[in-house]
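Here it is, the structure, as structure tokens.
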Amino acid sequence: MSVAGLKKQFYKASQLVSEKVGGAEGTKLDDDFREMEKKVDITSKAVAEVLVRTIEYLQPNPASRAKLTMLNTVSKIRGQVKNPGYPQSEGLLGECMVRHGKELGGESNFGDALLDAGESMKRLAEVKDSLDIEVKQNFIDPLQNLCDKDLKEIQHHLKKLEGRRLDFDYKKKRQGKIPDEELRQALEKFEESKEVAETSMHNLLETDIEQVSQLSALVDAQLDYHRQAVQILEELADKLKRRVREASSRPRREFKPRPQEPFELGELEQPNGGFPCASAPKITASSSFRSGDKPTRTPSKSMPPLDQPSCKALYDFEPENDGELGFREGDLITLTNQIDENWYEGMLHGQSGFFPLSYVQVLVPLPQ
């Protein structure tokens, strides 16, 4: 920095201290300017929070959002073009229904109904994905651009204006000790910065119809999503009602138990036949995947000591996305990298991928 630049920084710092500590009066900006500055500040805060809340509306699970961010980061590191999408709850429900519907088979009314409902839920997930894309393109991206460009530029102009005001007030306070030409130049720069900042704020506030159009695009995308969702659910409701009518009209099959096979008294006694009924998991608002949650631990095999970064699997881990490394309890995994505080990258059976830290016990840590 030049000597002139250092002097200017000293002038501004000195004036700021005299105003904050000594109570000195600085040059006051007019009320219209202050009113515009206030409106721009409110607009900036509104846009920032609306962006955050819109993303939460589209992708409500914070753990899934964090995991998706991590997966996208890993994809960029590996040079992968296709990034995994957000796991829509409708899609997860649909996959569950389809899987169990197939297990029950075509002879089960409930199984057929689960297949119908599952396919409809998967269609709802596809429509929700389309909503995400539409809202991102026509609402989130334009608002983000407003934050990154226009509002950021206004903040730059206001910061520059404040610096020139401090420089002008310092020189004005020392009028007579500082050359008149230097004071005149400081005043011109201050007025120039004020005009630039004022113009940029005025342009933003006068063109807020653009933000209204973007908000309208958000509502249009929501309407389109809900129309398609209603159509899918109405079709599903008709299918299920038809299945109820068909099942009710069929005669009930009579059940005739088969006689028990004779057995010798010397044979081992067996418990009565039956089938286990798995208890339904308790659903809570926070039952989605969390990096800190740990399943119930079952005893695992002891492993020999190692001389390279490695860990032992405490629980089974089923990969849900490309790039994840699946393993079974007791598997010994070689550690190659730590993605973040919740995820490792490692190798097992010649395959590389990443996995949650909470599913393993580190035996030999990675070098710092």
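Heads up, residue numbers simply count up from 1 along the chain you see.
Positions of Cβ are set from backbone N, Cα and C atoms, glycine also.
Just lifted these from Swiss-Prot, have a look:
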type	residues	note
COILED	180-250	coiled coil
COMPBIAS	245-261	compositional bias 'Basic and acidic residues'
DOMAIN	18-249	domain 'BAR'
DOMAIN	306-365	domain 'SH3'
MOD_RES	SER288	phosphoserine
MOD_RES	THR298	phosphothreonine
MOD_RES	TYR315	phosphotyrosine
REGION	1-21	region 'Membrane-binding amphipathic helix'
REGION	60-87	region 'Required for dimerization upon membrane association'
REGION	218-254	region 'Interaction with ARC'
REGION	243-309	region 'Disordered'
Based on DSSP, name the secondary structure state of the residue listed as 'phosphotyrosine': helix, strand or coil.
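For the residue listed as 'phosphotyrosine' - judged by DSSP and reduced to three states - the answer is coil.
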Within 10 angstroms of the C-beta of the residue listed as 'phosphotyrosine', what count of other C-beta atoms is obtained when all protein chains are considered?
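The residue listed as 'phosphotyrosine': 18 neighbouring Cβ atoms within 10 Å.
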Averaged over the whole of the domain 'SH3' (306-365), what is the pLDDT?
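Average per-residue pLDDT within the domain 'SH3' (306-365): 89.
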